[in-house]
Amino acid sequence: MKSSVEQQSATRVKLTVEVPFDELQPEIDQAYRSLAQQVTLPGFRKGKVPPRVLEARLGRGAILDQAINNMLPSRYSQAVEEHDLKVLTQPTIDITRLEDNELVEFTAEADVRPEIDLPDFSTIEVEVDPLVADDAAVDAELDNLRARFGTLKAVERPVQKDDFVSIDLSATVGGEPVDEATTEGLSHQVGNGELIEGLDDALEGMKVDESKTFKSNLVAGDHEGEEAEVTVTVKSLKERELPEADDDFAQLASEFDTIGELRESLAKQVEENKKAEQASSIRDKVLEKALEKTDFELPEAVVEEQVKGQLNQLLQQFNGDEKAFDQLLAAQGSSREQFDRDTRSSAEEAVRTQLFLDTLADELQPEVSQQEFTEHIMFTAQRYGMEPQQFMQAIQASDQIGALYADVRRGKALAESICTVSVKDTDGNEIDPKEYFGEEENTDETSTGSADAEASENSEATPSGTETEESAEFDQAAEAPVATPTDDDSENAEK
């Protein structure tokens, strides 16, 4: 077999592969055996039809078609390995030449990982917030716990910040109604700023069944950037009632008997959470600076697949109802156009991050132990709210084992690189990154955390439609449309 590669762009290649017929004989024999099982001829048992009789019945073209499709996966993979290509997508394959009993030539075009020049991490300096785990932080954590056990009750008073309201919204521009900014029975917590500008200010002080009109600039839709008159009507008003922080609450909300014991436990949790936040901040800022120092082209097809994957994942929550999805976006002061722009930006960032980390992992070659891989599976299962065994079955069914292995490998490579970075907090205190990312201290959460999770959360382990080198398998090559010459074509094949 001979192969050559043509670089069509920084992210796409074209392989040309020639396979002599003497190397194709095992696939031809396999084709005869396979087709013999599918053909019933008088006088022959099934599967026992001689090759010459089978060829006379089906034609030489059918035999070659089967043999070539049997051959494609292994020869393509061999060519990819020979040229050390980091293939990201399934190839487009064409049979370009067939000389019966002489050779078969095919081309395969695919997106590949571009060449990436890695920065010197030891030159990177980052600054993060100091580690603060005081009584105020413990109080805030206790309040969060109380809120989980809180109840909503209707109140008869003006709306206040943090209240929960059900509202109707409508808007007009130039006296004409704006359909995409009209909704009824929308639930909203006052003060969270998630809906249109000026709404929270308008709501404060209103009463149930009261309406108010205010002006706001629309940020999306056909009237994006135009000033609209928005009318809001409060349909219901509730406040969250928190339980008292006493021993009874401690017994209700935890395994502790007293509020003092609960606070002590929360203090430890707060400290661990603050450390995790600081580690996450270090990781994210280091990765951001490393990417700023690196410029490379992104494979467009991979980005597009990532965009589609993100959109389909969101639409599943609306049972595929794009109209309902668009209405929600409008109620949030956004639009499909803005969503598409944001999604593409997110997809590009996810693909850029993964390609960079894959290159870093190839450079550093970190070893992933079985224990580390198991811990990552358990950590990821927890993120998705699944039992480890259930999650393992799901990723096996979706062929994502390789993708999860690649996650761990990227995380370890990044952690190793972060250990060489200069880190200080905003008070000027030096922080040794090895405390978080050293081999002994390194945990699954700190090594793979949000830097790699940013990509995986957007793509469910890998960018949609993308295959890393660790997980790629040429399992669809035989299904690729192949223009194999017919029986007549093979007789007149190019000499």
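Glycine residues also receive a Cβ, built from the backbone N, Cα and C atoms like all the rest.
According to Swiss-Prot, the features are:
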type: DOMAIN; residues: 162-243; note: domain 'PPIase FKBP-type'
type: COMPBIAS; residues: 425-437; note: compositional bias 'Basic and acidic residues'
type: REGION; residues: 425-495; note: region 'Disordered'
type: COMPBIAS; residues: 450-461; note: compositional bias 'Low complexity'
type: COMPBIAS; residues: 486-495; note: compositional bias 'Acidic residues'
Beyond the flanks of the compositional bias 'Basic and acidic residues' (425-437) by 6 or more, those residues with Cβ under 8 Å of it = 127-131, 275, 278-279, 282-283, 415-416, 418-419, 446-447
DSSP-assigned states of the compositional bias 'Basic and acidic residues' (425-437) in counts, ordered helix, strand, coil | 4 helix, 3 strand, 6 coil
Determine how many residues of the domain 'PPIase FKBP-type' (162-243) DSSP places in helix, in strand and in coil.
-> 8 helix, 41 strand, 33 coil
